[in-house]
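Listed features, source Swiss-Prot:
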- 4-202: domain 'Glutamine amidotransferase type-1' (DOMAIN)
- 81: active site, nucleophile (ACT_SITE)
- 176: active site (ACT_SITE)
- 178: active site (ACT_SITE)
- 203-395: domain 'GMPS ATP-PPase' (DOMAIN)
- 230, 231, 232, 233, 234, 235, 236: ATP binding site (BINDING)
């Protein structure tokens, strides 16, 4: 049985980052709403509790509070931002409006010697004070410490930026250690979870396979399962895991909607039919999808059409498999959170996700989601442990609607063919080009990155088809052809992203190859927009 950390969500958009940091320390955790019952908290039996931030204020009429059981359990508790404020209020302290709100980078001074911050600092002042570079986002502040607490950190505008009652194992910080902007944040969370809470670091993906296989076998029994295989990381790992558990009881349905990457269908079939010997039904539905997309330019309308047609094609095939009782999906934890359907009802809906829908109800099937509690990095680890090739497992993210949302405006087969080839050239050059010492000296990458491919040094890279033409010259003749945009970003969590500073020589080579090898494109541009304000995908 794994030690568990209970994360109570008060509505922060970055609560899942807390969970990711805890999992990265190889400790299992779950996110639940802050208003779960005392009985639930006791039955969960956490090794420690973490209280998240929130957009709310402790002054609102319906203040969000932690269950009383949190304080009665006798386990360590860490409050983050709003979590610190509710800890203060519930334990006898005082919170008030702050005249100096803090949003963004801040430098926090550590006070005293606490187990949480001891020895953790980013720099030392001339006076010898240890300082931390952190990320703040708050409007209220703790004005009076609760009985038994001592000051742990401060800023000029927030005199109580951290507090601790070490006798009870209660710690709280006004900043966000879970975000990458807090330089030593991961170290703080690891110390709380591993040293203060004493949780065992035994949440390891290669060991998780045995548990997951046993759970799938227990759920499914001798019944059959159908799974929509997209070629993406999530559905591929789900298929490999389920096949490991039940073998030929699984049938994978691979729908080619005409909007896949170059040679993607062949790669998927070679992997699952050839290497894993799984049952795969391959359906070429490109004519159907492209026909319904004709004349449609609105991005959301395109997404809905692609989703609707996939359901229609998948349903038709599923009905032929009359013995199937389960529908398997590659849903992962962020999908569930972003769809507002996580174990926490406080999560704000960001977008509708293509994996979370009504298919099980319309088909009358039970739902099997073996990756539902895993983050993307854990899914990748699991895939490698299952024997999937790294080039499949560590592929960059690809949207559910495929190239349909990387072709701006109307989708046509001609556009998809041009984009497929341009994108393949971009990815090939990224894979084949390694970072050099000169790149590091120019500040394009770190010294530790020298020798790594630029594909591995970017988090997501792709080409976009622009439905506009520009004038060019090739040979002695005038051309009037389409434009492609190249997009490459670097990010740790995909919530924010920086555009990748690729070497000019690499970009020049990609542009030259696309213009010379893809007849119909005569210009390539590079997108240098960050997120925010831009999103990573163009549509």
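A Cβ is built for glycine as well, from the same backbone N, Cα and C atoms used for every other residue.
Features per Swiss-Prot, on structure.
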{"residue": "81", "record": "active site, nucleophile", "CB count, 10 Å": "26"}
{"residue": "176", "record": "active site", "CB count, 10 Å": "23"}
{"residue": "178", "record": "active site", "CB count, 10 Å": "29"}
{"residue": "230", "record": "ATP binding site", "CB count, 10 Å": "23"}
{"residue": "231", "record": "ATP binding site", "CB count, 10 Å": "21"}
{"residue": "232", "record": "ATP binding site", "CB count, 10 Å": "20"}
{"residue": "233", "record": "ATP binding site", "CB count, 10 Å": "23"}
{"residue": "234", "record": "ATP binding site", "CB count, 10 Å": "22"}
{"residue": "235", "record": "ATP binding site", "CB count, 10 Å": "23"}
{"residue": "236", "record": "ATP binding site", "CB count, 10 Å": "26"}
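For the ATP site, the Cβ centre of 230, 231, 232, 233, 234, 235, 236 serves as reference, and the other residues of the chain with Cβ at most 8 Å from it are 229, 237, 238, 330, 398. For the recorded positions 176, 230, 231, 232, 233, 235, a Cα-Cα cutoff of 10 angstroms around the residue listed as 'active site, nucleophile' retains 176. If you average pLDDT over the domain 'Glutamine amidotransferase type-1' (4-202) in this model, you get 91. In this structure, the C-alpha atom of residue 233 (ATP binding site) lies 25 angstrom from that of residue 178 (active site). Separation of the C-alpha atoms of residue 234 (ATP binding site) and residue 176 (active site): 29 Å, rounded to the nearest whole number.
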